[in-house]
Amino acid sequence: MTEVKPRRSVLYMPGANERALEKAKALPADALILDLEDAVAPDAKEAARERVCAAASSGEYGKREVTIRVNGLDTEWHDADLRAAAQAGPAAVVVPKVNSAREVHNIERALELGGAPEHTKIWAMVETPVAMLHAEEIAAASDRLTVLVMGTNDLAKELHAEFVPGRGPLLGALSLCLLAARATGKVILDGVYNDVKDTEGFEAECRQGREYGFDGKTLIHPGQIEPCNRIFAPSEAEVEQARKIIAAFDEAKAEGRGVVTVDGRMIENLHVDNAQRVLALAEAFGA
Ligand SMILES: CC(C)(COP(=O)(O)OP(=O)(O)OC[C@H]1O[C@@H](n2cnc3c(N)ncnc32)[C@H](O)[C@@H]1OP(=O)(O)O)[C@@H](O)C(=O)NCCC(=O)NCCSC(=O)C[C@H](O)C(=O)O
Ligand SMILES: [Mg+2]
C-alpha cells in the first residue's frame, strides 16, 4: 500500500494575517493553505505574497504540508504568485478555479520554468460548473497534480444554489468530482463550512463528507480542526474490526478458503483491502 499522508483537516489562513500565520504553527491541522486569493484584499496582495512565501519556506510548521493558494489564472497577480511560490517550494501550489487540462499543463509549465522543486505539487480547486463537467480531464492532466479541492462557495454561487442542511443541491457535483478523483488515483478534499459557530452543522457535514469518501475537509477556523480530525479518523471500534477481519481472513486462507464471515457478514479479499486501508489511515493519524 502507498504511503498515506494525513489530510483530514486542511486549514486555510489569510496570507495577510500575520497573527493567524503565527498561530498556525501550534494548531493540530494536518495541512495548511496559506491564502493569497479570496481572503486577501487587492491592496494587500503583494505584501501577503512575500509573507506566505517566507512562511512556507521557513520550516517552522513541522512535518505538515504547507501549501500556497495563488490567485486565479485570469487575475493580474497569478503569474507573479506562481513564480514566487515556485521559488518558495511549498508542498503544493493550490490553484483556484481550474477549468481544463490545458490550464493544468500551463500551471505545470510555469512551475517548471520558475524552478519549483519536484516536491511542489499542484492541488487543483474545482469550483465552477465547467470544472464539474471536466473533472476527470483535470484530475488526469498531470502526475504533478495530486489533490482536487472542492470550492463549494464558488460552486454554489455559480449554480445559484442555496446552502441547505444535507447539501442536496451540491451532491451531484460532489459525486462527479469524487468519481474523477478515484478514477485517476488522486486525493480529494471537501469544501469549507462557513458558519464557524455551528458545531453541530459542521460535524454533520464532516460525517457526510467522510461517508461519501472524501479524504478530508478544508477548514476556515481553528475551532473546526478537532472535530474534523476525529470524524475523518477511523474510530477505535473500526480499527478493532479491521484487525478482526484481517485475522479471520488469514485463518480462512490458511485453510484454503477465500471467503469467511465475521459477525455474520461476508468477508472477501476486497474487504481485507479495506481493512488494511483503515489500519494504514490509523497509523498515519497516529491513532
Ligand atoms: C472566519 C474568520 C473571519 C473568523 O474570524 P474571527 O471572528 O476573528 O475568529 P475568532 O475571533 O474566533 O478567532 C479566534 C482566534 O483564532 C485565530 N484564527 C481565526 N481563523 C484562523 C485561521 N483560519 N487560521 C489561523 N488562525 C485563525 C484568530 O486570529 C484568533 O486568534 P487569537 O487572536 O490569538 O485569539 C476567520 O476564522 C478567517 O479569516 N478564516 C479564514 C478565512 C479564509 O481563509 N477564507 C478563504 C478560504 S475559504 C474559500 O475561499 C472557499 C473556496 O474558495 C470556495 O469557493 O468555497
Ligand atoms: Mg472559491
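Here the Cβ of each residue, glycine as well, is placed from N, Cα and C on the backbone.
Lifted from TrEMBL, the feature list:
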type	residues	note
DOMAIN	8-222	domain 'HpcH/HpaI aldolase/citrate lyase'
BINDING	ARG69, GLU127	substrate binding site
BINDING	GLU127, ASP154	Mg(2+) binding site
Cα-Cα distance linking ASP154 (Mg(2+) binding site) and ARG69 (substrate binding site), given in Å to the nearest integer: 15
Whole-number Å value for how far ASP154 (Mg(2+) binding site) lies from GLU127 (substrate binding site) (Cα to Cα): 6
Neighbour count (Cβ, 10 Å) for GLU127 (substrate binding site): 25
Neighbourhood of ASP154 (Mg(2+) binding site) by C-beta distance under 8 A, where only residues 6 or more apart in the same chain count: PRO96, LYS97, GLU127, THR128
Cβ neighbour count within 10 Å of ARG69 (substrate binding site): 28
